Amino acid sequence: MKMKMKILLIFLKFFFLKKLFVNSLDIGSKCEILNPISMCSNYLGYKNIYLPYGYTQEIIEANVTATLTNPMGFSAIPDLICKENIIKLFCISTYRECNSNINGISFPLPSNPCQKNCFKVLETCVPFLSFFQGFSCQQNDTDGKDLYPITENYYNLTSYGGSSNQSIQCSNPNQGSTNTTVSCVYPLVYVSTDDIKNGEKFHEVMPNCVLPCPLYVYTDKQYDAKFYTEVVFYCVSATIAVYLILTFGLIQNKITHRSWIIIYLGFTVLALCASYATQQYGNGDFRCSSQPGRYRSSQDGNCMLTGFFFQMGGLGTIFMLSLYSFDFFLTINMKTNKYFLQTSIGVWALIFFFALLPIKHYESTIDSAGCWIGEYNNRFWLYFCFYIPAYIVTFLMVIFITSSIYKVFKMTVLFKSINDRRILFLNLRSVTFLLVILFCISFTSMYPLYVSYNGEVFYDAIEKWVYCLLEKGNDQCPRIQFSRFGLRYMNAFCMSIIGILLLFGLGIDPHIATIYRESERFNYLLHLVGIKWGNTPVPSKKSSTSSNSSGSSGEKTRETRKTRGQSISLKKIDQSNSNSNSNEIESSSIDKQPSSILNNHNNNDDKQSQA
């Protein structure tokens, strides 16, 4: 299809310009009466035509007929007004008006088309001017005369016995439309130049003609698959996020470092789900504004809100998962983060900073479902506010996970010596969870970069579709089909299941039952409805304090804990005086965190509290 359009352009340029560049001073030229059956007869206001030496009407008419009847010629132009003016200019350029009986010379001179005829083409064929590379109304012939004079051309004929300043009027037939309204082939939308220059979010494919909104670039089946996947998984993820926030934020007696990170993750996942919910709210396609052809941008409040939530949720989740992997790394190495509060404040400050900074640059695109940082004009905001911080944090996450895997591998001998494979299983489960979620966030952060640097694939699909519209019309052109839908679907899938992964990695564990059983608030609520489960039904103010340990709470649990028939006594680090006691502390603290995050620095925190 693209090749056909190129052939059309060759036809246009060749037949437009071939006759125009013939030498105007041709002593062998002659005048003839135009054959009335010529296809150009209705476009000329004269019958006396100019024939250069060596040409006959039959030769010229054969070329005219081939051009005007060829499906890849002028007939491919869908706009009738533009087509009429182009054919008129073509005819008066091919069959130029002949001027004979000029004083002092024996050969005729042609009249070139008046410049206003050329301007009519420029005015009425704006959407197609990009196809006429090099075409101008200020061209000259081989004698240096204007191809499209304003009123007349002047010739020095003294060498032939004529005047030194012979004027020849230009041809200006009355036929042809003077309507200068630009018409865009359906379904392209006409937009004024001022609107486009004002920075409105249009996708201009030809001068003043933009892509419609919405523009569907996948099949209905593909859109449905993506839609139902996102609806189900985002709803489930939002529910899980609320569950994690309630469990580790309200139900648990003492909030540990690890609990705070899980709460943070719950809020970032909720922000991601809120972004999806915002774009699904209301009627019509979220990408489109009320103005035809204009895609939403930050000047639309709901687009700004959606972009903010998406940036908060996406980048925030990456930051918090990196913080979680750092906490896991410290726990494996029996250390604690003494500056956890400052770290948390700093991370949240960065998240808000990178979400608010591009607040005026959120926009929707052809391929997007909602709004995010646009790269329509430049990519600075996308790189500075997402790619650079996301990739730096992801790289740190890889380092923490790799170091933790190595530590777990080294501790395998210890796990075997105490004959408790459950500990090894729990830690391997944590590592597996981190690796899977690392893959998801890496894929979702790399996919937009892949699209940016492979945009030609998508632009080519749009270009072929536009060429088809110009050649055949909308009814004969199939829907645009972007390739690599599998990657697009995988990106949506990985993003929507973050909450579900958090459930399997953090929210399903025997330790959760202990949290609910020992929770004073939860048991108090059960007591109000007549259910007795656990120990203390009345909440105390003391239980609401926060702990900087990564393990769970409860003085009873600190003294002794039973795990699948095996009881391990916990002792303070400062009370251990032998290697056996040290091993007992290490094994007990490892087993104390059934969610598979080792809890050895619990004892360090107790020691610090005693001091």
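Cβ from N, Cα, C; glycine included.
Noted in Swiss-Prot for the protein shown:
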- 538-554: compositional bias 'Low complexity' (COMPBIAS)
- 576-590: compositional bias 'Low complexity' (COMPBIAS)
- 26-187: domain 'FZ' (DOMAIN)
- N63: N-linked glycosylation site (CARBOHYD)
- N140: N-linked glycosylation site (CARBOHYD)
- N156: N-linked glycosylation site (CARBOHYD)
- N165: N-linked glycosylation site (CARBOHYD)
- N179: N-linked glycosylation site (CARBOHYD)
- 538-611: region 'Disordered' (REGION)
- 1-24: signal peptide (SIGNAL)
- 25-230: topological domain 'Extracellular' (TOPO_DOM)
- 252-258: topological domain 'Cytoplasmic' (TOPO_DOM)
- 280-302: topological domain 'Extracellular' (TOPO_DOM)
- 324-338: topological domain 'Cytoplasmic' (TOPO_DOM)
- 360-380: topological domain 'Extracellular' (TOPO_DOM)
- 402-430: topological domain 'Cytoplasmic' (TOPO_DOM)
- 452-491: topological domain 'Extracellular' (TOPO_DOM)
- 513-611: topological domain 'Cytoplasmic' (TOPO_DOM)
N63 (N-linked glycosylation site): tally of other CB atoms within 10 A of its CB: 15
Inter-residue C-alpha distance, N63 (N-linked glycosylation site) and N156 (N-linked glycosylation site) (nearest angstrom): 32
Positions whose Cβ lies under 8 angstroms from the topological domain 'Extracellular' (280-302), at least six residues beyond its ends: 189, 191, 200-203, 210-214, 231, 359-366, 368-371, 374
Rounded Cα separation (Å) that holds between N156 (N-linked glycosylation site) and N165 (N-linked glycosylation site): 5
For the topological domain 'Extracellular' (360-380), distant same-chain residues with Cβ under 8 A (at least six beyond the ends): 201, 203, 211, 215, 217, 230, 275-276, 278-279, 286-288, 295-298, 303-304, 306-308, 310-311, 386, 448, 451-452, 458, 462, 482, 488, 492
Distant-in-sequence Cβ neighbours of N140 (N-linked glycosylation site), under 8 Å, six or more positions away: D146, L147
Three-state secondary structure, N63 (N-linked glycosylation site) (per DSSP): helix
Nonlocal neighbours by CB distance (under 8 Å) for N165 (N-linked glycosylation site), same chain, sequence gap 6 or more: Y154, Y155, N156
Number of Cβ atoms other than its own within 10 Å, given for N156 (N-linked glycosylation site): 13
N156 (N-linked glycosylation site): secondary structure state under DSSP, collapsed to three categories: coil
DSSP-derived class (H/G/I helix, E/B strand, else coil) of N165 (N-linked glycosylation site): coil
